[in-house]
Structures are given as C-alpha cells and as structure tokens.
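Some notes on the structure that comes next.
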Amino acid sequence: MRSGVGPVKVSGTLSTVQMTLSSRRISPGQALPYLLLTLTIIPILAGYAWVLVATFSQRTNGLLPRDAQGNLGGLTLDNWQFLAEPDVWKATLNSFGIAMSMVIGVGAISALAAYALSRMNFPGRKGFLGMTMVLHAFRPEMLLIAIFQVLLFIGGIPLIGNFFGFNTVGGVALVMVTLDLPLGIWLMKGFFDNLSWDMERAALIDGAIRFRVWWEILLPQIRPGLAALSIFMFIQGWNAYLIPFTFTIGSKVANLPVYINRFSGDTSLVSWNFVAAIGLF
C-alpha cells in the first residue's frame, strides 16, 4: 500500500495569478491622466495651505510664517480677533440669509415652472421658453439702473417695502432669485423631460391632482438635479458681491464679501493676513 501525497497541479493557478497581476498593471497611457490631475491639484492645495498659514501669521514668506521683523515664527491669533465684532456675525447672517433665499426661492419656483413647461402644452409655451433664455443672456450690470428703480418703487409700498425695498437684505435676495430663475428653470426642465410618463399617467387616471403628482411622484425622482441646483444657488448667494454692494448701504445689511471690501477700503494699508482669515471663515 502506497502512502503520501501526489503531485499538485499548480500551472493553472499560477497562470491565473499572472493574468490577474498583468491585468492590474497600469499602462503609461492610463497613468498620464492621473499624473496631470495630480500636477493640477498640487498648486490648488498649496494655495489653500498658504491661506491657512497666513491666517495664523503676522507675515508670510511662501508657506513659512514670519513675524513683523521677518524672522521665522510669529504665530498669532490676532487675525481672528474679528470674530468678537458683531458686524462680522451680522454680515455672516446676511450672507446665509441670501444664500438660503436663493436655494428655496429658485429651487421651488424652478421646479414648479419646469414641471408645467415640460408636462403641459399651453399657448405661449415655446415663446415663454425662448424669452426665459433671452432674459438669462442679459448681464446683471446691464440691469442695475432698472433694478434700482424697481427696488425704490417696492420700498414705497407699506409693509412690503420695509423687507424687500432698497437697502434691505430681502431686496437683495429678491433680485438675485429673479436673476437666477431662468437658469434654474432650464436646468429643472431638462430633468423633467427625461422622466417617464407611465407613473404620472397612472396617477392621473387614479384621480390624483397635478400638484400631488408633482410632489409625490416626480419630485423624488429629480432629487439629484434639485440637489445640484441647490448647491449651485447656495454658492452663488454666499459669494454674491455686485448686487449686495450696489443696493445696500451700511454694515447692518452688508454680506461678507461687501464687508471685506469695505474694511479694505477704510484703511490705507490692508492686512492680507486678516483678509485671509475672514475668507477662510
């Protein structure tokens, strides 16, 4: 009786491993996009690192913090003393209010208007779409005088003028929502156009009204588009400068970009480390 273990065939296993390893190797053509992406990101990250170092420094030399005499070191929290000033928090609240007004206003109105333009056929539909695109083609700078007159008129209306007239945060938010509505409508219409009619027709046959179909069936299906529009509108509102700077006077209604600009203009020597701290904030 023979005992022992017979020869094990490993040629198939080795060939499989070799094929797996060879398939995982990255060719120079595949590595080139990653290399270009890395080279592109490095300067951006270096810029953010410089801003971070500058906020805790009196002066900077590249990415190295320096004191007032130019010696290495000089780390300080003096650039962050603006957090104790109430005007900064008021400007932050104004920026947040403008941004959220754009998210809610543009998002809600665009979703409703885009649904009607995508799913309903009514007289003047194509003309309205064309006019919407034409309105979006106008630069805000071309409309400043007309917007100023409109805000002055709204300011003369009792009650409403105190919230949406000239030199009010509500007036700035109203103008910015109006200017960005064409973009929101066209973006949301594209998402509604790609939705299937089957579930909507079934709901309408079962007796559901249009608003319920829009709210419960179609709106959940375009959440990615609505999220993208909301993010874009929030960034637009948070970084807004031209409209708030033109239609507001004083620190009580200024947002953060306008507050930074007015602070820089009030002093002959600008502390860019301080400006970097506000920008990072």
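If you go along the chain as it appears here, the first residue is 1 and each next one adds 1.
Just so it is clear, glycine is given a Cβ too, placed from its N, Cα and C backbone atoms.
Whatever TrEMBL says is automated annotation, not expert-curated.
Marked as transmembrane segment by TrEMBL: 34-56, 96-117, 143-166, 172-192, 213-235. The annotation domain 'ABC transmembrane type-1' is assigned in TrEMBL to 92-281.
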Review point. Between the stretches 34-56, 96-117, 143-166, 172-192, which one has more Cβ pairs under 8 Å with the transmembrane segment (213-235) than any other?
Key: 96-117
Check your understanding: Is the transmembrane segment (96-117) packed against any residues at least 6 beyond its ends, judged by a Cβ distance under 8 Å, and which are they?
Key -> 125, 128-129, 169-170, 172-174, 176-177, 180-181, 184-189, 191-192, 214, 218-219, 222, 226, 229-230, 233-238, 240, 244, 255
